[in-house]
Every structure is written in C-alpha cells, then in structure tokens.
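Trainee: Let me begin by handing over the structure; questions about it come next.
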Amino acid sequence: MSGYRVVHCGPLMLRLHKRRAMLCLFLALVLLMAAVLALGAGGTTGWSAPWAGGQGKVLWDLRLPRLLLALVCGAMLGLAGATLQSLTRNGLADPGLLGVREGASLAILVLLFFLPTAAPELRPLVGLVGGVSVVAVTVLLARGGIERMRFILIGIGVSWFLSGLIALMLVAADVTMMQTAMVWLAGSLSGAAWSSVRMAALCLLIGGVLLFGTARAGDVADLGDHLGRSLGVSMTRLAVVRVAAAVLLTAGCVSFCGRLGFVGLIAPHLARLSVGGGQGALLSASALWGAVLVMVADTVGRVAFAPIQIPAGIVLAVIGVPVLLGLLWCRRDRF
Amino acid sequence: MPLSASPLSAQALQFSHGATPVLRDVSLLVPDGRLTVLLGPNGSGKSTLLSLLARLAKPSQGAVLLHGQDIHQQPTRAVARQIGLLPQTPLSPDGMTVAEVVARGRYPHQGLLKRWSAADDAAVAQALAVTGTSAFADRTLDQLSGGQRQRCFIALALAQETPILLFDEPTSYLDLRYQVEVMELIASLPRDHGRTVITVLHDLNFAMQYADRLVFLKQGRIHSVLEQVTACSAAQIEEVFETPVVRATHPQSGLPVFLPVSGGSR
C-alpha cells in the first residue's frame, strides 16, 4: 500500500503514513519557531513592573507559563473539537456544543462570587464538576445516539439556557467582581502561572491518552454503528470514553483560561484540510493547530495594542468569525 | 444436518420492536461453505434475523449459537474474527482511500502494541485482489461508482478474514451491471474461498441464479427452506409474496425464473 511505512520498535509494530507524519512534524516545527518568537515579542517598556529581577524574570515567571498555557489549552480545545465532530458526525460541532463550556463557566462563576477566597487550584475541579453534570443532563434528555440531530439541538438549548444564567449572575454582581469575571470569561491567559500550567498539562495528558488510545477504534467507528460493532468495537463504551475525554479537556480549558471560542471548531477543519487521514492524524494535527491558534491569538492580543491587553478569546472571535463564515461558504454543499 | 456442519445457528429466536413482534420462534441452521439467501416480503424480518446473527442486537428469547456457544457469551473481538458483515448503509469517512478503508477490516486482529503486521498487509492485498479493487486502491471512496464502492466494503469484510460473511441487501441501489458484478463476487466466496455466506436479497431472480440454498421468511417466521433452488415452485413464491407469478426456466443456467403476472395483484 503506497504512502505507508511500517515501523518496528521492540514489541510495538505500527505503520505511519509518510506524508501525514512529515506534515505533522512540519506543523510542530512551525509551532516551536512561532513560540520562540512569541516569547521575545513585546518590550518591557509598556509593562508596569511589579517585579524586580528584570527581563529574565519576566520571561520565566510571566511569559513562559503564559505561552505554555496557551499551547496546552489550544491543544486541549483542538482535541476536544476533533473528538466531538467525529462522535456527532457533524463538522459544526465544537466544545461549546454539549453545554460543557457554559456548565464549567457557570460553576466557576459561582465559586468566584460566593467563595472569592477559595484557592484558584479549586477552579479546574469545580469547572469539571459543572461540565460533567451538564453533559449528564444533556445525555439524559437526549436519550440515544450521540450522532443524532436531537442530541445536538438539546446541547445547544442547554448552552443557551446556561448562558442566560451566566448573564444573570453578571448583572447581579457588583462592579469589581464583574470586571474580574468578564476578563476571565472573555478567554484571557493573563492570569497564567506555573501551577495552572502543571494542572492543565495533566488534563491534556489524561485526555490525550484516552483519545489516542481509542483512535484506532474511532477509525472503525467512523464506518458506522453496524460495521463498527461487527468489527469488534464496543460502540457505547467507546463513545463514553471519548465523550469523557472531550469533557475533561473542555472543562479543564475553561477553568484555566475562560471561554476560548472557535478554536475547537476550526482546528479540526484546518487539520483535515492540511493533513487529512484517520483519527490518529486528525487528533495530532488538531492539537497542533489548536496550539498555534491560541498562541498566536494570545500573542497578538498581548502585543498589538500594548500596554492594553486584549483577551485571546476576543482576538479569536474577531478572526474566527470570518473564518467560520468562509468555511460555511466553501462547504455550502455539505452543511 | 448435524450441528457440527453448521458454524452458525439460530435457536427459537424471538425479537420485537416495542410491542410489535418482528421474529417469532425462528430456528435456522446455516450450512458450512454455502451461499444461503434470505428471501421474503418487506417487514418479514429478514434484516432483523441477519442483525441478530451478526450480534448487532440481542434476541428477547432464544439464542444465536456460534460454534455451539451463545454468541452473546463470547467476547466481541472473538466474534469479530468469526463473522464479517456488509451492512445496508456503511458510512464512508471523508478523504479515506480504498486501501485505508479496507485496512480497517484488520481491527479485530490487531492489538495495543501489534498495530500493523505483515499478515495485515497480506490480508488487505488479498481482499483487494479478490474484489478486483486493487487498481483503485489509492483513490478515495467518493471518486468511485456505486458498484466499486460496494466491492470495497466487501473487500473490508474479506480483509477481516472471517469464515462467515453476512450481507444485507448488497445489490440495492445498484444498476444491473453492478448488481451482476457484486453477485458474481459474492457467489465466488463460498465456491472459491470456502466461506460461509448468508445474504438478504430483494431480487428474487438474482437469488435463484446465485443461491445454494433459499430460506423464505414470512411475518417473522421461517416459511420454508429449500436445499435445491430448482425445487422452487410458482405456488411457493405466490404464497410467500402474496402475488401471482409464472415460473420460467433460465435458458442458459436451467434455474427457475419468476415473472409477475400483470394486472394480477390481489
């Protein structure tokens, strides 16, 4: 079969698609170079300086964790989006679809408002609980296959309902509280610290292992329910594992940097267009594209109008909306 | 027929959709190495029976036995190494080449570490060759005709290397030429490759020309089983399909052909 190379490594035997592997490697290199550039971007002049140690300390304590968090969160969103699009067999699905994002946001807002003294390390846990409980409600209401339109509609409905609750909380809150909440909700990485990088990386690791571990079964599941089952894939168990991974990734991401829209929607499409291939390639490329998008958005937001910082989520929305419209236009025969 | 000659059998199967019974007390022995065709009017339970045999659904009573053991007591993966399936409407994932889709048939033979082996390469090449799809192995599915695509999904089931193959209306939506192409391929599987094949067919005359054995279903029951296709009479077809037909003989094969009597619908 052309284009593949079989790789033996001890007991591990697999085959790689040469062109796709090279493309992913190339994407990773571009990402690395862009990351180095982003690390140097933006002078210290515009920064009010609460630190004393000079440029090295800026890099180590502020820019590096922020950059790493952008990369990790972008990869998380890319993976979650790719998974949800495959599961629902719908290219317009994204991590906001199942209400995970709103559920996690709402739970964290409640924490911010009612327990403002709580440790920030609690946020991801609370966000996770919020996200998981909303998905549980969506699944219960939808009763049935995740690829059905009913599921998507209920997810969208639940998301809107929760958005309403979030807006209500913001309106009722006092001004300083609202300011903090708004910046976080808009999808900002300005609060990045090493502790959040470590926790986000852990979420990414767990979600990534679950998704890459089930990638081959996912390939088989893409052939349809009946064929998947006759090839020996337990479809329900597979869907549960992959939904759980997507929820973990989304909720984790929301907890660290608020609602970053569009990444989860667009990264998988960019991956399909640039690399193509099965689940393994799709997941790898989506993670890389997600990381690129969030990092670029955060760097642009940080540098473009310095000293004013624009949250990455807003930069993404401004760039993301035209891209989405373009995507719909190009694929107008399919959606 | 002794049970040992029947790798797959149904024992007193009952199945219902909600309150509507679809299968009532269906027992069937599937003989080894032959082409069995399931026939019957719409809603007679053919596809349901096939999906129970393929372990896609669980009967409400009775059991499907694979090598004498309840199919639901056996691990999913072990069953997937014994039974292959061509469903009515498989999905073709975007941008996948024929070879990549066929390679997915190897899933039940692979493991966490052994993700690809020389045996996989050989099985895929063999499946492509048997189905005559090698020539477009590197094309994507959306570039193929309906018949070619159907042959690719048959190749996928062949790459699975299962002794038993189930096909659910493999010729529907195909033009005559592609119907013949697909049926010739399916008929060659028991004959040349020793596989046991069960297929649901809508076209009576295709069934007559290619089947080794006919199983008629009506209203969720097995109406009759014919070990010899030539034994099929017009009266039998009229009873199962509730429409008058005349029996003719195919001038070349000598097998029966049934033609509807115009204006004769009851």
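Just so you know, glycine gets a Cβ as well, placed from its N, Cα and C.
Those TrEMBL annotations? Automatic predictions, nothing curated.
Okay, these came from TrEMBL:
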- A:64-84: transmembrane segment (TRANSMEM)
- A:96-119: transmembrane segment (TRANSMEM)
- A:125-144: transmembrane segment (TRANSMEM)
- A:151-171: transmembrane segment (TRANSMEM)
- A:177-194: transmembrane segment (TRANSMEM)
- A:201-218: transmembrane segment (TRANSMEM)
- A:238-258: transmembrane segment (TRANSMEM)
- A:270-296: transmembrane segment (TRANSMEM)
- A:308-330: transmembrane segment (TRANSMEM)
Trainee: Using Cβ atoms and a strict cutoff of less than 8 Å, what residues sit near the transmembrane segment (A:308-330) while being 6 or more residues removed from its termini?
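Mentor: Those are 70, 183, 186-190, 257-263, 265-266, 269, 293-294, 297-298, 300-302, in sequence order.
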Trainee: How about the transmembrane segment (A:201-218) and the transmembrane segment (A:96-119): do they have 3 or more C-beta pairs under 8 A, pairs 6 or more apart in sequence?
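Mentor: No; fewer than 3 Cβ pairs under 8 Å.
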Trainee: Please give the sequence-distant neighbours of the transmembrane segment (A:64-84): residues at least 6 beyond its ends with Cβ less than 8 Å from one of its Cβ atoms.
Mentor: 31, 35, 38-39, 93-95, 97-98, 189-190, 192-194, 196-197, 200-201, 203-204, 207-208, 211, 242-243, 245-247, 249-250, 252-253, 256-257, 260, 263-268, 271, 282-283, 286-295, 297-299, 312
Trainee: Same chain only, please: residues at least 6 beyond the ends of the transmembrane segment (A:151-171) with a C-beta under 8 Å from a C-beta of the stretch. Say none if there are none.
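Mentor: Apart from its flanks, the transmembrane segment (A:151-171) reaches 88, 90, 93, 96-99, 101-103, 105-106, 109-110, 113, 134, 137-138, 141-142, 144-145, 178, 181-182, 185.
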Trainee: Checking distant contacts: for the transmembrane segment (A:96-119), what same-chain residues at least six beyond its ends satisfy Cβ-Cβ under 8 A?
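Mentor: That would be 84, 88, 126-135, 137-138, 152, 155-156, 158-159, 162-163, 165-166, 169-170, 173, 177, 180-181, 184-185, 243, 246-247, 250-251, 254-255, 258-259, 261, 264.
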